[in-house]
Amino acid sequence: MEKDLVVAGQNEASDQVWEPPNPQLEKIPSHVSRDAPSAFERPSEDEYFPEGGRAAWLALLGCFCAWMTAFGLMNTVGTFQAYLETHQLSAYSPAEVGWIFGLYLFFAYCCGVQAGPIFDAIGPRVLTVVGSILISASMLLLGVCHKYYHFIIVFGILGGVGTSLLSTVAIGTIGHYFNVRRGFATGLASCAGSLGGVFFPLMLSSLFASAGFAWATRTLGFIFIFLLIIANILVRSRLSTKPFSRTNILPDLRILKDKTFLILCIALFLIEWGLFMGLSYLISFALDAGIKPALSYQLLSILNAGSFFGRWAPGLLADKIGRFNTMILMISQCLITTLALWLPAATTSDLATKKGLLIAFALLFGFASGSNITLAPVCAGQLCKTENYGKYFATCYTIMGIGTLVGIPIGGEILARGGGNYVGLIVFGGTCYAAGLVFFIWARVRVVGWGLRKANIF
(Lines of atoms letter the chains of each structure in order from A; the text may use other names.)
(Lines give C-alpha, C1' and ligand atoms only; values in the text may rest on other atoms or scores of the structure.)
Protein backbone atom coordinates (compact mmCIF):
# COMPACT_ATOMS: atom_id res chain seq x y z
CA MET A 1 0.00 0.00 0.00
CA GLU A 2 1.33 3.42 -0.88
CA LYS A 3 2.53 5.57 2.00
CA ASP A 4 0.43 8.53 1.00
CA LEU A 5 -2.89 6.70 1.13
CA VAL A 6 -5.27 8.33 3.57
CA VAL A 7 -8.12 6.51 5.24
CA ALA A 8 -11.22 8.66 5.51
CA GLY A 9 -12.44 8.68 9.06
CA GLN A 10 -9.00 7.90 10.56
CA ASN A 11 -7.32 11.15 9.62
CA GLU A 12 -7.38 14.00 12.12
CA ALA A 13 -8.78 16.50 9.63
CA SER A 14 -11.43 14.02 8.54
CA ASP A 15 -12.40 13.35 12.17
CA GLN A 16 -12.87 17.06 12.71
CA VAL A 17 -15.29 17.11 9.80
CA TRP A 18 -17.31 14.05 10.63
CA GLU A 19 -17.44 14.22 14.46
CA PRO A 20 -18.89 17.58 15.53
CA PRO A 21 -18.33 18.35 19.21
CA ASN A 22 -22.06 18.53 19.88
CA PRO A 23 -23.26 14.92 20.25
CA GLN A 24 -26.81 15.91 19.39
CA LEU A 25 -25.68 16.87 15.90
CA GLU A 26 -24.30 13.41 15.22
CA LYS A 27 -27.79 11.98 15.15
CA ILE A 28 -29.70 11.88 11.90
CA PRO A 29 -32.70 14.19 12.23
CA SER A 30 -35.97 12.29 12.56
CA HIS A 31 -37.46 13.83 9.43
CA VAL A 32 -34.63 12.60 7.19
CA SER A 33 -35.11 9.21 5.54
CA ARG A 34 -32.66 6.60 6.77
CA ASP A 35 -32.00 5.75 3.14
CA ALA A 36 -31.05 9.30 2.26
CA PRO A 37 -27.42 10.37 2.56
CA SER A 38 -27.03 12.88 5.36
CA ALA A 39 -24.55 15.43 6.57
CA PHE A 40 -24.36 13.55 9.85
CA GLU A 41 -23.29 10.15 8.53
CA ARG A 42 -19.63 9.15 8.74
CA PRO A 43 -17.92 7.88 5.60
CA SER A 44 -17.28 4.15 5.62
CA GLU A 45 -13.98 3.15 7.18
CA ASP A 46 -12.77 1.44 4.01
CA GLU A 47 -12.79 4.60 1.91
CA TYR A 48 -9.25 5.29 0.73
CA PHE A 49 -7.96 8.42 -0.99
CA PRO A 50 -4.59 8.41 -2.78
CA GLU A 51 -4.00 12.11 -1.97
CA GLY A 52 -1.39 12.06 -4.76
CA GLY A 53 0.50 9.66 -6.96
CA ARG A 54 0.84 9.40 -10.74
CA ALA A 55 -2.78 8.51 -11.50
CA ALA A 56 -4.13 11.26 -9.25
CA TRP A 57 -1.93 14.01 -10.67
CA LEU A 58 -2.59 12.98 -14.28
CA ALA A 59 -6.32 13.01 -13.58
CA LEU A 60 -5.87 16.44 -11.98
CA LEU A 61 -4.13 17.67 -15.15
CA GLY A 62 -7.04 16.42 -17.23
CA CYS A 63 -9.46 18.22 -14.90
CA PHE A 64 -7.30 21.35 -15.25
CA CYS A 65 -7.79 21.29 -19.04
CA ALA A 66 -11.54 20.65 -18.73
CA TRP A 67 -11.83 23.45 -16.17
CA MET A 68 -9.92 25.90 -18.36
CA THR A 69 -12.49 25.31 -21.06
CA ALA A 70 -15.64 25.33 -18.92
CA PHE A 71 -14.87 28.01 -16.35
CA GLY A 72 -12.63 29.93 -18.74
CA LEU A 73 -15.72 30.45 -20.88
CA MET A 74 -17.83 31.28 -17.83
CA ASN A 75 -15.30 33.90 -16.75
CA THR A 76 -15.44 35.44 -20.24
CA VAL A 77 -19.21 36.04 -20.17
CA GLY A 78 -18.73 39.76 -19.48
CA THR A 79 -16.66 40.17 -22.66
CA PHE A 80 -19.31 38.57 -24.86
CA GLN A 81 -22.11 40.49 -23.14
CA ALA A 82 -20.43 43.89 -23.54
CA TYR A 83 -19.62 43.21 -27.21
CA LEU A 84 -23.08 41.96 -28.19
CA GLU A 85 -24.80 44.88 -26.45
CA THR A 86 -22.97 47.28 -28.77
CA HIS A 87 -22.94 45.17 -31.97
CA GLN A 88 -25.21 42.30 -33.06
CA LEU A 89 -27.79 42.88 -30.30
CA SER A 90 -27.55 46.66 -29.93
CA ALA A 91 -31.31 46.95 -30.55
CA TYR A 92 -32.02 44.98 -27.37
CA SER A 93 -31.98 46.23 -23.78
CA PRO A 94 -29.30 45.11 -21.29
CA ALA A 95 -31.91 42.99 -19.50
CA GLU A 96 -32.86 41.21 -22.75
CA VAL A 97 -29.22 40.53 -23.62
CA GLY A 98 -28.71 39.42 -20.04
CA TRP A 99 -31.20 36.58 -20.51
CA ILE A 100 -28.80 34.90 -22.97
CA PHE A 101 -26.05 34.75 -20.39
CA GLY A 102 -28.44 34.05 -17.53
CA LEU A 103 -29.69 31.06 -19.52
CA TYR A 104 -26.10 29.97 -20.16
CA LEU A 105 -25.30 30.07 -16.44
CA PHE A 106 -28.57 28.33 -15.61
CA PHE A 107 -27.70 25.38 -17.84
CA ALA A 108 -24.05 25.48 -16.72
CA TYR A 109 -25.20 24.85 -13.16
CA CYS A 110 -28.57 23.12 -13.42
CA CYS A 111 -27.66 20.27 -15.76
CA GLY A 112 -25.44 19.08 -12.95
CA VAL A 113 -28.48 17.74 -11.08
CA GLN A 114 -28.66 15.03 -13.74
CA ALA A 115 -24.96 14.88 -14.64
CA GLY A 116 -23.90 14.30 -11.02
CA PRO A 117 -25.83 11.04 -10.53
CA ILE A 118 -24.71 9.86 -14.00
CA PHE A 119 -21.11 10.54 -12.96
CA ASP A 120 -21.64 8.55 -9.76
CA ALA A 121 -23.15 5.67 -11.75
CA ILE A 122 -20.96 5.32 -14.86
CA GLY A 123 -17.93 7.54 -14.31
CA PRO A 124 -16.58 10.51 -16.30
CA ARG A 125 -15.99 9.08 -19.79
CA VAL A 126 -19.35 9.69 -21.50
CA LEU A 127 -19.87 13.06 -19.81
CA THR A 128 -16.43 14.27 -20.91
CA VAL A 129 -16.98 13.29 -24.55
CA VAL A 130 -20.47 14.80 -24.80
CA GLY A 131 -19.47 17.97 -22.95
CA SER A 132 -16.45 18.41 -25.22
CA ILE A 133 -18.58 18.14 -28.36
CA LEU A 134 -21.21 20.59 -27.13
CA ILE A 135 -18.93 23.36 -25.88
CA SER A 136 -16.64 23.16 -28.93
CA ALA A 137 -19.61 23.24 -31.31
CA SER A 138 -20.99 26.23 -29.42
CA MET A 139 -17.88 28.32 -30.08
CA LEU A 140 -17.52 27.20 -33.71
CA LEU A 141 -21.16 28.05 -34.47
CA LEU A 142 -21.31 31.30 -32.50
CA GLY A 143 -19.58 33.23 -35.28
CA VAL A 144 -22.50 32.71 -37.69
CA CYS A 145 -25.18 33.82 -35.21
CA HIS A 146 -26.91 37.12 -35.92
CA LYS A 147 -30.42 36.80 -34.46
CA TYR A 148 -31.41 36.85 -30.81
CA TYR A 149 -32.66 33.27 -30.74
CA HIS A 150 -29.44 32.08 -32.41
CA PHE A 151 -27.45 33.27 -29.41
CA ILE A 152 -29.99 31.71 -27.04
CA ILE A 153 -29.58 28.28 -28.64
CA VAL A 154 -25.87 28.29 -29.47
CA PHE A 155 -24.37 30.11 -26.48
CA GLY A 156 -27.10 29.78 -23.87
CA ILE A 157 -28.07 26.13 -24.35
CA LEU A 158 -25.20 24.36 -26.15
CA GLY A 159 -22.49 26.27 -24.30
CA GLY A 160 -24.28 26.00 -20.97
CA VAL A 161 -24.89 22.25 -21.12
CA GLY A 162 -21.31 21.63 -22.29
CA THR A 163 -19.95 23.72 -19.43
CA SER A 164 -22.08 21.81 -16.94
CA LEU A 165 -20.95 18.37 -18.07
CA LEU A 166 -17.26 19.29 -18.05
CA SER A 167 -17.40 21.02 -14.67
CA THR A 168 -19.22 18.02 -13.18
CA VAL A 169 -16.47 15.72 -14.44
CA ALA A 170 -13.69 17.96 -13.11
CA ILE A 171 -15.16 18.44 -9.64
CA GLY A 172 -16.30 14.84 -9.24
CA THR A 173 -13.03 13.29 -10.39
CA ILE A 174 -10.97 15.39 -7.96
CA GLY A 175 -13.30 14.31 -5.15
CA HIS A 176 -12.47 10.67 -5.89
CA TYR A 177 -8.71 11.12 -5.56
CA PHE A 178 -8.41 13.67 -2.73
CA ASN A 179 -10.04 14.06 0.67
CA VAL A 180 -7.76 15.78 3.19
CA ARG A 181 -6.15 17.78 0.36
CA ARG A 182 -9.38 18.24 -1.59
CA GLY A 183 -9.50 22.01 -1.07
CA PHE A 184 -5.94 22.39 -2.34
CA ALA A 185 -6.47 20.05 -5.30
CA THR A 186 -9.74 21.71 -6.31
CA GLY A 187 -8.21 25.16 -5.98
CA LEU A 188 -5.19 24.12 -8.04
CA ALA A 189 -7.30 22.71 -10.88
CA SER A 190 -9.70 25.64 -10.79
CA CYS A 191 -6.83 28.06 -11.39
CA ALA A 192 -7.29 26.95 -14.99
CA GLY A 193 -10.59 28.82 -15.09
CA SER A 194 -8.84 31.99 -13.99
CA LEU A 195 -6.07 31.52 -16.55
CA GLY A 196 -8.73 31.18 -19.21
CA GLY A 197 -10.47 34.22 -17.77
CA VAL A 198 -7.26 36.24 -18.13
CA PHE A 199 -6.23 35.02 -21.58
CA PHE A 200 -9.56 34.58 -23.37
CA PRO A 201 -10.93 38.15 -22.88
CA LEU A 202 -7.63 39.68 -24.00
CA MET A 203 -7.50 37.41 -27.03
CA LEU A 204 -11.13 38.04 -27.96
CA SER A 205 -10.97 41.83 -27.58
CA SER A 206 -7.91 41.86 -29.86
CA LEU A 207 -9.42 39.51 -32.44
CA PHE A 208 -12.78 41.32 -32.44
CA ALA A 209 -10.96 44.36 -33.82
CA SER A 210 -8.49 42.61 -36.14
CA ALA A 211 -10.23 39.46 -37.41
CA GLY A 212 -13.90 40.00 -36.61
CA PHE A 213 -16.35 38.28 -34.29
CA ALA A 214 -16.64 35.07 -36.34
CA TRP A 215 -12.94 34.22 -36.43
CA ALA A 216 -12.46 35.32 -32.83
CA THR A 217 -14.99 32.75 -31.62
CA ARG A 218 -13.68 30.06 -34.00
CA THR A 219 -10.17 30.57 -32.66
CA LEU A 220 -11.51 30.09 -29.15
CA GLY A 221 -13.26 26.93 -30.35
CA PHE A 222 -10.01 25.50 -31.73
CA ILE A 223 -8.28 26.17 -28.40
CA PHE A 224 -11.12 24.35 -26.64
CA ILE A 225 -10.71 21.32 -28.92
CA PHE A 226 -6.99 21.10 -28.13
CA LEU A 227 -7.56 21.32 -24.36
CA LEU A 228 -10.40 18.82 -24.40
CA ILE A 229 -8.42 16.20 -26.30
CA ILE A 230 -6.00 16.23 -23.35
CA ALA A 231 -8.90 16.09 -20.87
CA ASN A 232 -10.48 13.09 -22.61
CA ILE A 233 -7.18 11.21 -22.50
CA LEU A 234 -6.27 11.89 -18.87
CA VAL A 235 -9.52 12.02 -16.88
CA ARG A 236 -10.16 8.64 -15.26
CA SER A 237 -12.39 7.46 -12.44
CA ARG A 238 -10.77 5.79 -9.42
CA LEU A 239 -13.91 4.05 -8.14
CA SER A 240 -15.68 1.17 -9.84
CA THR A 241 -18.91 2.09 -11.59
CA LYS A 242 -22.27 1.01 -10.25
CA PRO A 243 -24.54 -1.40 -12.14
CA PHE A 244 -26.36 0.79 -14.64
CA SER A 245 -29.99 1.30 -13.74
CA ARG A 246 -32.55 4.04 -13.96
CA THR A 247 -32.47 4.66 -10.21
CA ASN A 248 -28.69 5.16 -10.25
CA ILE A 249 -28.84 8.13 -12.61
CA LEU A 250 -31.89 9.92 -11.20
CA PRO A 251 -31.38 12.95 -8.93
CA ASP A 252 -32.10 12.29 -5.27
CA LEU A 253 -33.95 15.33 -3.98
CA ARG A 254 -34.27 13.74 -0.54
CA ILE A 255 -30.91 15.26 0.31
CA LEU A 256 -32.65 18.64 0.51
CA LYS A 257 -34.30 17.35 3.69
CA ASP A 258 -30.93 17.88 5.32
CA LYS A 259 -31.47 21.38 6.70
CA THR A 260 -27.77 22.20 6.87
CA PHE A 261 -27.33 21.35 3.20
CA LEU A 262 -30.45 23.34 2.29
CA ILE A 263 -29.13 26.40 4.17
CA LEU A 264 -25.81 26.04 2.34
CA CYS A 265 -27.65 25.98 -1.00
CA ILE A 266 -29.56 29.16 -0.11
CA ALA A 267 -26.29 30.86 0.84
CA LEU A 268 -24.69 29.92 -2.48
CA PHE A 269 -27.81 31.01 -4.38
CA LEU A 270 -27.46 34.51 -2.93
CA ILE A 271 -23.69 34.62 -3.43
CA GLU A 272 -24.10 33.85 -7.14
CA TRP A 273 -26.28 36.94 -7.53
CA GLY A 274 -23.58 39.09 -5.96
CA LEU A 275 -20.78 37.43 -7.94
CA PHE A 276 -22.28 37.83 -11.40
CA MET A 277 -23.21 41.46 -10.87
CA GLY A 278 -19.46 42.05 -10.96
CA LEU A 279 -18.50 39.49 -13.60
CA SER A 280 -21.27 40.47 -16.03
CA TYR A 281 -21.53 44.25 -15.67
CA LEU A 282 -18.01 45.44 -14.84
CA ILE A 283 -16.99 46.00 -18.49
CA SER A 284 -20.29 47.68 -19.35
CA PHE A 285 -19.92 49.92 -16.30
CA ALA A 286 -16.42 50.98 -17.36
CA LEU A 287 -17.49 51.69 -20.95
CA ASP A 288 -20.48 53.75 -19.79
CA ALA A 289 -18.20 55.68 -17.42
CA GLY A 290 -16.09 56.87 -20.34
CA ILE A 291 -13.08 54.63 -19.77
CA LYS A 292 -11.31 53.63 -22.98
CA PRO A 293 -12.43 50.26 -24.43
CA ALA A 294 -8.94 48.76 -24.16
CA LEU A 295 -8.80 49.27 -20.38
CA SER A 296 -12.48 48.42 -19.96
CA TYR A 297 -12.02 44.97 -21.48
CA GLN A 298 -8.77 44.48 -19.55
CA LEU A 299 -10.63 44.90 -16.26
CA LEU A 300 -12.13 41.43 -16.62
CA SER A 301 -8.66 39.99 -17.20
CA ILE A 302 -7.39 41.84 -14.12
CA LEU A 303 -10.29 40.41 -12.13
CA ASN A 304 -9.48 36.90 -13.32
CA ALA A 305 -5.78 37.42 -12.58
CA GLY A 306 -6.75 38.15 -8.98
CA SER A 307 -9.07 35.15 -9.11
CA PHE A 308 -6.13 32.92 -10.07
CA PHE A 309 -4.58 33.45 -6.66
CA GLY A 310 -8.03 33.53 -5.06
CA ARG A 311 -8.73 30.00 -6.22
CA TRP A 312 -5.41 28.45 -5.21
CA ALA A 313 -4.55 30.20 -1.93
CA PRO A 314 -7.98 29.87 -0.23
CA GLY A 315 -8.09 26.24 -1.33
CA LEU A 316 -4.81 25.61 0.48
CA LEU A 317 -6.00 27.64 3.48
CA ALA A 318 -9.30 25.75 3.55
CA ASP A 319 -7.52 22.47 4.26
CA LYS A 320 -5.85 24.12 7.28
CA ILE A 321 -8.58 26.19 8.93
CA GLY A 322 -11.71 24.63 7.46
CA ARG A 323 -13.62 24.97 4.19
CA PHE A 324 -16.65 26.77 5.66
CA ASN A 325 -14.41 29.07 7.71
CA THR A 326 -12.45 30.04 4.59
CA MET A 327 -15.60 30.71 2.58
CA ILE A 328 -16.93 32.98 5.32
CA LEU A 329 -13.71 35.02 5.20
CA MET A 330 -13.79 35.29 1.40
CA ILE A 331 -17.48 36.23 1.26
CA SER A 332 -16.81 38.98 3.79
CA GLN A 333 -14.04 40.36 1.57
CA CYS A 334 -16.36 40.27 -1.47
CA LEU A 335 -18.91 42.32 0.46
CA ILE A 336 -16.31 44.86 1.60
CA THR A 337 -14.74 45.35 -1.84
CA THR A 338 -18.13 45.74 -3.51
CA LEU A 339 -19.29 48.48 -1.16
CA ALA A 340 -15.91 50.12 -0.43
CA LEU A 341 -14.48 50.20 -3.98
CA TRP A 342 -17.07 49.61 -6.71
CA LEU A 343 -19.79 51.72 -5.11
CA PRO A 344 -17.53 54.81 -4.71
CA ALA A 345 -16.41 54.33 -8.33
CA ALA A 346 -20.06 54.69 -9.35
CA THR A 347 -20.55 57.89 -7.37
CA THR A 348 -17.34 59.80 -8.11
CA SER A 349 -17.14 62.11 -11.12
CA ASP A 350 -13.34 62.16 -11.33
CA LEU A 351 -12.26 59.81 -14.13
CA ALA A 352 -8.76 59.16 -12.72
CA THR A 353 -10.20 58.23 -9.33
CA LYS A 354 -12.78 56.04 -11.02
CA LYS A 355 -10.05 54.17 -12.93
CA GLY A 356 -8.01 53.58 -9.79
CA LEU A 357 -11.01 52.32 -7.84
CA LEU A 358 -12.06 49.99 -10.64
CA ILE A 359 -8.59 48.47 -11.03
CA ALA A 360 -8.35 47.94 -7.27
CA PHE A 361 -11.85 46.48 -7.19
CA ALA A 362 -11.16 44.11 -10.09
CA LEU A 363 -7.99 42.78 -8.47
CA LEU A 364 -9.27 42.46 -4.88
CA PHE A 365 -12.77 41.29 -5.78
CA GLY A 366 -11.22 38.77 -8.17
CA PHE A 367 -9.09 37.35 -5.38
CA ALA A 368 -11.99 37.19 -2.92
CA SER A 369 -14.54 35.80 -5.37
CA GLY A 370 -12.20 33.13 -6.75
CA SER A 371 -13.34 30.76 -4.04
CA ASN A 372 -17.06 31.46 -4.54
CA ILE A 373 -17.37 28.78 -7.20
CA THR A 374 -14.44 26.47 -6.46
CA LEU A 375 -14.99 25.97 -2.71
CA ALA A 376 -18.76 25.59 -3.09
CA PRO A 377 -18.59 21.89 -4.07
CA VAL A 378 -15.88 21.29 -1.46
CA CYS A 379 -18.21 22.64 1.23
CA ALA A 380 -20.99 20.42 -0.11
CA GLY A 381 -18.56 17.50 0.12
CA GLN A 382 -18.24 18.16 3.86
CA LEU A 383 -21.85 17.07 4.20
CA CYS A 384 -21.90 13.71 2.42
CA LYS A 385 -20.15 10.42 1.69
CA THR A 386 -17.75 10.30 -1.24
CA GLU A 387 -20.02 7.94 -3.17
CA ASN A 388 -22.76 10.60 -3.07
CA TYR A 389 -20.48 13.55 -3.82
CA GLY A 390 -21.76 13.89 -7.38
CA LYS A 391 -25.38 14.14 -6.26
CA TYR A 392 -24.62 16.65 -3.55
CA PHE A 393 -22.57 19.14 -5.54
CA ALA A 394 -24.84 18.72 -8.59
CA THR A 395 -27.94 19.51 -6.54
CA CYS A 396 -26.12 22.43 -4.96
CA TYR A 397 -25.09 23.76 -8.38
CA THR A 398 -28.64 23.40 -9.67
CA ILE A 399 -29.96 25.72 -6.99
CA MET A 400 -27.13 28.13 -7.77
CA GLY A 401 -28.12 27.91 -11.45
CA ILE A 402 -31.66 29.03 -10.72
CA GLY A 403 -30.15 32.12 -9.14
CA THR A 404 -27.94 32.89 -12.13
CA LEU A 405 -30.85 32.41 -14.56
CA VAL A 406 -32.66 35.42 -13.15
CA GLY A 407 -29.73 37.24 -11.52
CA ILE A 408 -28.20 38.85 -14.63
CA PRO A 409 -31.59 39.94 -16.08
CA ILE A 410 -32.53 41.35 -12.67
CA GLY A 411 -29.32 43.37 -12.74
CA GLY A 412 -30.21 44.63 -16.22
CA GLU A 413 -33.70 45.58 -15.08
CA ILE A 414 -32.33 47.44 -12.04
CA LEU A 415 -29.99 49.26 -14.40
CA ALA A 416 -32.82 50.18 -16.77
CA ARG A 417 -35.10 51.41 -13.99
CA GLY A 418 -32.23 53.50 -12.62
CA GLY A 419 -31.80 55.25 -15.94
CA GLY A 420 -28.37 53.71 -16.53
CA ASN A 421 -27.11 54.53 -13.02
CA TYR A 422 -25.18 51.57 -11.59
CA VAL A 423 -25.58 52.46 -7.90
CA GLY A 424 -28.72 50.34 -7.49
CA LEU A 425 -27.12 47.35 -9.21
CA ILE A 426 -24.01 47.56 -7.02
CA VAL A 427 -26.03 47.90 -3.81
CA PHE A 428 -28.10 44.90 -4.88
CA GLY A 429 -24.93 42.85 -5.37
CA GLY A 430 -23.59 43.88 -1.98
CA THR A 431 -26.88 43.06 -0.28
CA CYS A 432 -26.85 39.58 -1.82
CA TYR A 433 -23.36 38.99 -0.44
CA ALA A 434 -24.44 40.18 3.01
CA ALA A 435 -27.44 37.84 3.05
CA GLY A 436 -25.35 34.95 1.72
CA LEU A 437 -22.81 35.53 4.48
CA VAL A 438 -25.52 35.23 7.13
CA PHE A 439 -26.75 31.91 5.72
CA PHE A 440 -23.21 30.55 5.42
CA ILE A 441 -22.51 31.35 9.08
CA TRP A 442 -25.83 29.73 10.00
CA ALA A 443 -24.87 26.50 8.20
CA ARG A 444 -21.52 26.37 9.98
CA VAL A 445 -23.01 27.07 13.40
CA ARG A 446 -25.53 24.25 12.97
CA VAL A 447 -22.68 21.74 12.70
CA VAL A 448 -19.88 22.98 15.00
CA GLY A 449 -21.31 25.93 16.90
CA TRP A 450 -19.76 29.37 17.32
CA GLY A 451 -16.38 28.25 18.67
CA LEU A 452 -13.10 28.92 16.87
CA ARG A 453 -11.02 26.24 18.61
CA LYS A 454 -9.15 23.58 16.63
CA ALA A 455 -12.01 21.19 17.28
CA ASN A 456 -14.29 23.61 15.42
CA ILE A 457 -12.36 23.50 12.15
CA PHE A 458 -15.04 23.01 9.49
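Cβ atoms here come from the backbone N, Cα and C positions, even for glycine.
TrEMBL does not curate its annotations; it predicts them automatically.
Positions annotated as region 'Disordered' by TrEMBL: 1-45.
Only residues 6 or more beyond the boundaries of the transmembrane segment (55-77), in the same chain, are considered here, and those with a CB under 8 A from a CB of the stretch are 101, 104-105, 108, 128, 131-132, 135, 139, 159, 162-164, 166-167, 169-170, 173-174, 177-178, 185, 188-197, 199-201, 204, 224, 227-228, 230-236, 238, 276, 279-280, 300, 304, 307, 373. Taken from TrEMBL, the feature transmembrane segment applies to 55-77 (among others).
Sequence annotations record features per position, and here TrEMBL assigns domain 'Major facilitator superfamily (MFS) profile' to 55-447. Restricting the average to the domain 'Major facilitator superfamily (MFS) profile' (55-447) gives a pLDDT of 87.
What TrEMBL lists as transmembrane segment is 97-119 (among others).
Counting same-chain residues at least six beyond the ends of the transmembrane segment (126-144), those with a Cβ under 8 angstroms from any Cβ of the stretch are 66, 69-70, 73, 115, 118-119, 150-151, 154-155, 158-159, 161-166, 168-169, 213-218, 220-221, 224-225, 228, 231-232, 235. The transmembrane segment annotation in TrEMBL covers 126-144 (among others).
Listed by sequence, the residues of this chain that lie at least six past the ends of the transmembrane segment (150-172) yet keep a Cβ under 8 A from its Cβ atoms are 63, 66-67, 69-71, 73-74, 80, 84, 88-89, 99-101, 103-112, 115-116, 119-120, 124, 127-128, 130-139, 141-142, 144, 186, 189, 228, 231, 235, 377, 389-390, 393-394, 397. Feature annotation from TrEMBL assigns transmembrane segment to 150-172 (among others).
Positions annotated as transmembrane segment by TrEMBL: 184-209 (among others).
Sequence annotations record features per position, and here TrEMBL assigns transmembrane segment to 215-235 (among others).
Taken from TrEMBL, the feature transmembrane segment applies to 261-283 (among others). Panel annotation: around the transmembrane segment (261-283), residues 39, 75, 77-79, 81-82, 98, 101, 105, 255, 296-297, 299-300, 303, 331, 334-335, 338, 342, 358, 361-362, 365, 369, 372-373, 376, 379-380, 383-384, 392, 395-396, 399-400, 402-404, 407-408, 410-411, 415, 422, 425-426, 428-433, 435-440, 442-443, 446 of the same chain, lying at least six beyond its termini, place a Cβ under 8 Å from a Cβ of the stretch.
Within the chain, the transmembrane segment (326-345) has long-range Cβ neighbours (under 8 A, six or more residues past its boundaries) at 183, 271, 274-275, 278, 285, 289, 310, 314, 317-318, 353-354, 357-358, 360-361, 364-365, 367-372, 375-376, 379, 423, 426-427, 429-430, 433-434, 436-437, 440-441, 444. Marked as transmembrane segment by TrEMBL: 326-345 (among others).
For 357-380 (among others), the entry in TrEMBL reads transmembrane segment.
Feature annotation from TrEMBL assigns transmembrane segment to 392-410 (among others). For the transmembrane segment (392-410), same-chain residues at least 6 beyond its ends with a Cβ under 8 Å from one of its own Cβ atoms are 37, 95-96, 98-99, 101-103, 105-110, 112-117, 119, 164, 167-168, 171-172, 175, 251-253, 255-256, 261, 264-266, 268-270, 272-273, 276-277, 280, 376-377, 380-381, 383-384, 428.
Packing against the transmembrane segment (422-443) from elsewhere in the chain are residues 260, 263-264, 266-271, 273-274, 277-278, 281, 285, 288, 324, 327-328, 331-332, 334-335, 338-339, 342-343, 346-347, 410-411, 414-415: each is 6 or more residues past its ends and has a CB under 8 Å from a CB in it. Feature annotation from TrEMBL assigns transmembrane segment to 422-443 (among others).
Residues of the same chain lying 6 or more positions beyond the ends of the transmembrane segment (97-119) and with a Cβ under 8 Å from any Cβ of it are 70, 74, 77, 80-81, 84-85, 89, 126-127, 148, 151-152, 155-157, 159-161, 163-165, 167-169, 172, 248-252, 272, 276, 280, 390-395, 397-398, 400-402, 404-409, 411-412.
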